[in-house]
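*Asks:* Following this message is one structure expressed as structure tokens.
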Amino acid sequence: MWRSLGLALALCLLPSGGTESQDQSSLCKQPPAWSIRDQDPMLNSNGSVTVVALLQASUYLCILQASKLEDLRVKLKKEGYSNISYIVVNHQGISSRLKYTHLKNKVSEHIPVYQQEENQTDVWTLLNGSKDDFLIYDRCGRLVYHLGLPFSFLTFPYVEEAIKIAYCEKKCGNCSLTTLKDEDFCKRVSLATVDKTVETPSPHYHHEHHHNHGHQHLGSSELSENQQPGAPNAPTHPAPPGLHHHHKHKGQHRQGHPENRDMPASEDLQDLQKKLCRKRCINQLLCKLPTDSELAPRSUCCHCRHLIFEKTGSAITUQCKENLPSLCSUQGLRAEENITESCQURLPPAAUQISQQLIPTEASASURUKNQAKKUEUPSN
């Protein structure tokens, strides 16, 4: 709950939406008029909070984003955030147009996916957006947030929190299109938040101690040599001011984008990169061990002390900096997020050992971590 409050507070304090390509003058203003064929999606969504996702059908990560957007829609609806319009605009390129149907099939009929015409004015350009950007508008069509990578990853809570703020807070002033039903709902949400804040004791910030370990933050020199902050093939948007306030990170901004916009502090960026890499239970790992090794029946949850973040195209790779022990080398893959991680195998919890039923004589053993059931959790970094 405190994590959610921290995110909400950080987003409330934003003077900008979190993307270097966004001109601050566009905030709290309606976007340039755009249409696809004979449809005007923004006009059709007047009176509701509107979420515009710029996704590319030829991009594997964008396909995953579309699937997660559908999950987010269902989640928010169950929580009572029902007056939201979702719009996906596919890239204009030929490869994306050919895979339009694949992108459309990843969402329900409640999320329209628009395919741009080859010769029309590019909607992405009109909106000053890039691949995987999320633009969030209030009920009067005014831009509240423009989130870009890595903050637009739906594995992070930033897009969800930004939608909730646009839904219940008047970031751009009053809107005459807000219904009494929505106002009543937001009042209940506000009261519930206050009640939880009063009832919940002050948290002990164990994570601050956690960050003091030497392996938690990597210097900028440990990034891939091929990764240039602001390179066209691997854009990294700057951290919106205050977005990481609850982590108490401080640092000077560095310049790296051609437009000379502020880039995030090194610690903030590294922390985000670790969040991308660190997944408590990787779905399936194969631990290659000698048949006579005592470790053979014990492994498969993994831990790496020093992660190096790399982004190549649509792939996100997390690798161990140190050499892995000769008796235990693992390679895991999260297929649904295209994240590869090298790791060290660790002894999993007893419940996990029992459920794995591994055979000691096998040269290799595989296990599946039941993270959702909370029966098998991998050691965190």
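Glycine is no exception: its Cβ is also placed from the backbone N, Cα and C atoms.
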*Asks:* Quick one: which of Ser266, Ser293, Ser326 has phosphoserine in Swiss-Prot?
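*Replies:* Record says Ser266.
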*Asks:* Roughly how many Å separate the Cα of Asn83 (N-linked glycosylation site) from that of Asn46 (N-linked glycosylation site), to the nearest whole number?
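*Replies:* Approximately 11 Å lies between the Cα of Asn83 (N-linked glycosylation site) and that of Asn46 (N-linked glycosylation site).
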*Asks:* So which of the glycosylation sites is most packed in, judged by how many other Cβ atoms lie within 10 Å of its Cβ, out of Asn119, Asn174?
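*Replies:* Per the Cβ count, the most surrounded site is Asn174.
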*Asks:* Using C-alpha atoms only, work out the spacing between Asn46 (N-linked glycosylation site) and Asn119 (N-linked glycosylation site) and round it to an integer in Å.
*Replies:* 27
*Asks:* Using C-alpha atoms only, work out the spacing between Asn174 (N-linked glycosylation site) and Asn128 (N-linked glycosylation site) and round it to an integer in Å.
*Replies:* 26
